[in-house]
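*Asks:* Quick one: the structure is below, and I'll ask about it shortly.
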Amino acid sequence: MRIEEDLKLGFKDVLIRPKRSTLKSRSDVELERQFTFKYSGQTWSGVPIIAANMDTVGTFEMAQALAGFDILTAVHKHYTVEEWAAFINTASADVLKHVMVSTGTSDADFEKTVQILALNPALNFVCIDVANGYSEHFVQFVAKAREAWPTKTICAGNVVTGEMCEELILSGADIVKVGIGPGSVCTTRVKTGVGYPQLSAVIECADAAHGLGGMIVSDGGCTMPGDVAKAFGGGADFVMLGGMLAGHEESGGSVVEENGEKFMLFYGMSSESAMNRHVGGVAKYRAAEGKTVKLPLRGPVGNTARDILGGLRSACTYVGASRLKELTKRTTFIRVQEQENRIFNSL
């Protein structure tokens, strides 16, 4: 046993220090980025935000809506091959360019993903997702996926430390998904005591990944547009959002009514709700590591997407970054004990 003495930080622990700017308007900021990925060789351009691969966020409907904003969607792994085929038959090439195919690490998951990718060559992204990316089995699966799909861009996670980020990149991942426990409906940290404050994880993993020519996506911990800006400022190439995109018409959650008001269910993918729905319940040897919440219906996701992108543009203007690409270089974080004046937050 040992204790690391250096303090690790989350998004709530910092603010971005403003700097002189020559920008005249938020409209001058370019949020689109262009990436060429280490192994696939694919070049992609768009806004590097990803809707999370949760079945109450990463739906086909979400992909259709967010493609209009140049945003990616990691479509959840619980759609059947037949449902994928129906979606592909109606989706435009531009929508498919903004879709990631999610998979687990079982043999059945692999075979299903093979079938889905064979439906259309425009499906260029694979998101290999497990809660704990530290297992040898997971690393071996990433290597297997790279061998099977040499021209696909592979995103793999989740991890939170530089050395594991490096191992996944060396095993074939183009992008490493970073985050253990920061999600709004994740309870891993309280159930297990395991985790890592998200901003520090992003900073450390970005440094490790970029040294090898890889990239990272910050997954979890964002509660507002300012957190998205902080994730990019900390070095994230992509930012994945779950709770911020939940509760919308396109989110796919079940709608319930209480006292005449309608709510949408949103749950973590290791929650009892998710396991009851997809694997017949919580196995005797494990505990649920997620919760279920009821969110007031939030209407079309487009309004939220515009708010997030607007906040991101504004953050760039405050530090003089004319392009999102410049935000990291122009970010100085300051440690704080307050974020906002909360006097009217309860109203």
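Every residue gets a Cβ built from N, Cα and C, even glycine.
Below are the features listed in Swiss-Prot for this protein:
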| type | residues | note |
| --- | --- | --- |
| ACT_SITE | Cys186 | active site, thioimidate intermediate |
| BINDING | 108-131, 216-239 | NADP(+) binding site |
| BINDING | Gly181, Gly183 | K(+) binding site |
*Asks:* Taking Cys222 (NADP(+) binding site) as the reference, which of Gly181, Gly183, Cys186 (the recorded positions) have a CA within 10 A of its CA?
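*Replies:* Final answer, ordered: Gly183.
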*Asks:* Since the record lists Ala108, Val126, Ile216, Cys222, Val228 as binding-site residues, which of them has the fewest other Cβ atoms within 10 Å of its Cβ?
*Replies:* Ala108
*Asks:* What is the Cβ neighbour count of Gly181 (K(+) binding site) at a 10 Å cut-off, with all protein chains included?
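*Replies:* Total other Cβ atoms inside 10 Å, all chains included: 24.
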*Asks:* Given a separation of at least six residues and a C-beta threshold under 8 Å, show me what packs close to Gly234 (NADP(+) binding site) in the same chain.
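*Replies:* Long-range Cβ contacts: Leu199, Val202, Ile203, Ala206, Ser218, Thr328, Thr331, Phe333.
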*Asks:* Restricting to the same chain and to sequence separations of six or more, state which residues have a Cβ under 8 Å from that of Gly183 (K(+) binding site).
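*Replies:* Set apart from Gly183 (K(+) binding site) by at least 6 residues yet with Cβ under 8 Å, we have Asp219, Gly220, Gly221, Gly242, Gly243, Gly268, Gly290.
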*Asks:* For Gly181 (K(+) binding site) and Ile216 (NADP(+) binding site), what Cα-Cα distance in Å is obtained after rounding to a whole number?
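*Replies:* Per the Cα atoms, Gly181 (K(+) binding site) and Ile216 (NADP(+) binding site) stand 17 Å apart.
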*Asks:* Which has the fewest other CB atoms in a 10 Å radius around its CB: Val114, Cys186, the listed recorded positions?
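*Replies:* Result for the recorded positions Val114, Cys186: minimum number of other Cβ atoms within 10 Å at Val114.
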*Asks:* Below 8 Å Cβ to Cβ and six or more residues apart, same chain only. Which residues does that give for Asn120 (NADP(+) binding site)?
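*Replies:* Residues satisfying the criterion: Ile88, Leu96.
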*Asks:* Could you tell me which three-state DSSP class Val126 (NADP(+) binding site) falls into?
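*Replies:* Its secondary structure by DSSP: strand.
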*Asks:* Just the number: how many Å between the Cα atoms of Cys186 (active site, thioimidate intermediate) and Val228 (NADP(+) binding site)?
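*Replies:* Rounded to a whole number, the Cα-Cα distance is 18 Å.
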*Asks:* DSSP secondary structure for Ile216 (NADP(+) binding site), reduced to helix/strand/coil, please.
*Replies:* strand
